[in-house]
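Q: As annotated by TrEMBL, domain 'Nodulin-like' applies to 1-150. Feature annotation from TrEMBL assigns transmembrane segment to 37-56, 62-82, 102-120, 132-156, 251-269, 284-306, 318-339, 345-365, 377-401, 441-463. For 245-409, the entry in TrEMBL reads domain 'NFD4 C-terminal'.
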């Protein structure tokens, strides 16, 4: 059974990597929306499969396992020849923004519909026919995005102009010269040798100065006046291998920032039922459902707003990650003090911040370390999530909760604990210890809030280190 669970959980990683890498490569100028939409649908997949299983209406749990095992595999096999990189960077059109907005709208509508159906099924005993109707509407909503490629195929003129990808400008090649080696080396030399004050100039002036210096170096190297040194590795924004990225400070800044931010969020998600019970709430499943919805909205919104930050203002995308971590820090404070209604607000803030990480980080990693080995880079970064959960939930949260539960047990049942095993069994002292009150997760929440602040600092350091890269990538689109 353990082997099957291991294979099943890792199978999700293969699906996720294939879809995410292919779509980011096809839409490199819309990485935020692409990642946000994919991660949003991934967050809704559990609710979608639950609704499909409710339509089957089978009391046998084996049928549920069979559906989960066979259903997604059949879909993947049917679409495996369609989901692939198709050179979308050479097909960028002005209608892409409208298309992504339409998919965003469908995604939000689908989330609202699923939440309404789940609440209705929980409160009212619906007939099987009604459940089938709801599931049929669900399938229609899932198929609506197909309208976009179909409409583009029929109504888009293939002669329409397309936008060029945002790439660094390089001078023209001389006839007979290599079309790959020389511009790359000279661009590296410009980055190494350009005066520091060039980076402080406005984007348009900086591009002109770099182009002039690059052209002079190219001419001098062609005449043999200078010898251009070969760089030791790629620069930010170019294609890195995993081993090349592992020796870069930027990569580890992303990793540890993600570990502290998403790790603390996953700890709340894992312990939310126990946290709500300790604060006196009986219907813990309501908060679990709420944080799932906020997680989805964080993924969709994180991709959308981070794209606005880089596209309209040419700010580094890690700015959005710092904002999400600051929101999570405030959410942990609400959990710590347990004020009336604090659990609702904390669930909202933690869900939004945690979900935003998984739309922002993949897009930022692809921009800083390239798309060629993006799959390996992304999956290494995802190790930060379970690593953070192991530290926060497995070591910090559980040990502090058990300590507070033991204190309460010793305080309330001191006499019963000393009266012998017979009375201990009569009064249920052999049951697992439970902690009540905001004290149970007070210290844990404050620790996680402090670590989120540290994550904000790491993200802002990354912002300072990468602002020139984002100015070069997206500054051109603002002019």
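Heads up, the Cβ atoms here are built off N, Cα and C, so glycines get one too.
Structural setting of the listed features?
A: Looking just at the domain 'Nodulin-like' (1-150), the mean pLDDT is 80.
A Cβ distance under 8 Å defines the sequence-distant neighbours of the transmembrane segment (62-82), meaning residues of its chain 6+ beyond its ends; these are 8, 15, 49, 52-53, 56.
Within its own chain, the transmembrane segment (102-120) is flanked in space by residues 33, 36-37, 40-41, 44, 47-48, 50-51, 126, 134, 137-138, 141-142, 144-145, 147-148, 289, 293, 296-297, 300, 304, which lie at least six positions past its ends and keep a Cβ under 8 Å from the stretch.
Long-range contacts of the transmembrane segment (318-339) within the same chain, counting only residues at least 6 positions beyond its ends with a Cβ under 8 Å from a Cβ of the stretch, are 254, 257, 260-261, 264-265, 268, 275, 279, 298, 302, 305-306, 309, 345-350, 352-354, 356-357, 360-361, 364, 437-438, 441-443, 445-446, 448-450, 452-453, 455-456, 459-460, 462-463, 466.
Remote same-chain partners of the transmembrane segment (377-401), defined as residues 6 or more beyond its termini with a Cβ less than 8 Å from a stretch Cβ, comprise 13, 17, 20-21, 240, 242, 245-246, 251, 254-256, 258-264, 266-267, 270-271, 274, 361-362, 365-366, 369, 435, 440-441, 443-444, 447-448, 451.
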Q: If you count every Cβ pair below 8 Å, which range out of 37-56, 251-269, 284-306, 345-365, 441-463 shares the most with the transmembrane segment (132-156)?
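A: So the stretch in question is 37-56.
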Q: Thinking of Cβ pairs under 8 Å, which stretch from 251-269, 345-365, 441-463 has the most of them with the transmembrane segment (284-306)?
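A: That would be 345-365.
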Q: So, by DSSP, how many helix, strand and coil residues make up the domain 'Nodulin-like' (1-150)?
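A: Taking each residue of the domain 'Nodulin-like' (1-150) in turn, the totals are 127 helix, 0 strand, 23 coil.
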Q: Within the same chain, where does the transmembrane segment (441-463) have neighbours whose Cβ lies under 8 angstroms from its own Cβ atoms, ignoring anything closer than 6 residues to its ends? I mean 6 or more beyond.
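A: Here the qualifying positions are 250, 253-254, 256-258, 260-261, 263-264, 267-268, 271, 275, 278, 315-316, 318-319, 321-322, 325-326, 328-330, 332-333, 335-338, 392, 396-397, 400-401.
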Q: At a C-beta cut-off of under 8 Å, are there same-chain residues at least 6 beyond the transmembrane segment (251-269) that contact it? List them, or none.
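A: For the transmembrane segment (251-269), the list is 245, 275, 291, 295, 318, 321, 324-325, 328, 331-332, 335, 346, 350-351, 353-354, 357-358, 361, 364-365, 368-369, 377, 380-381, 384-389, 391-393, 396-397, 444, 448, 451-452, 454-455, 458-459, 461-462, 465.
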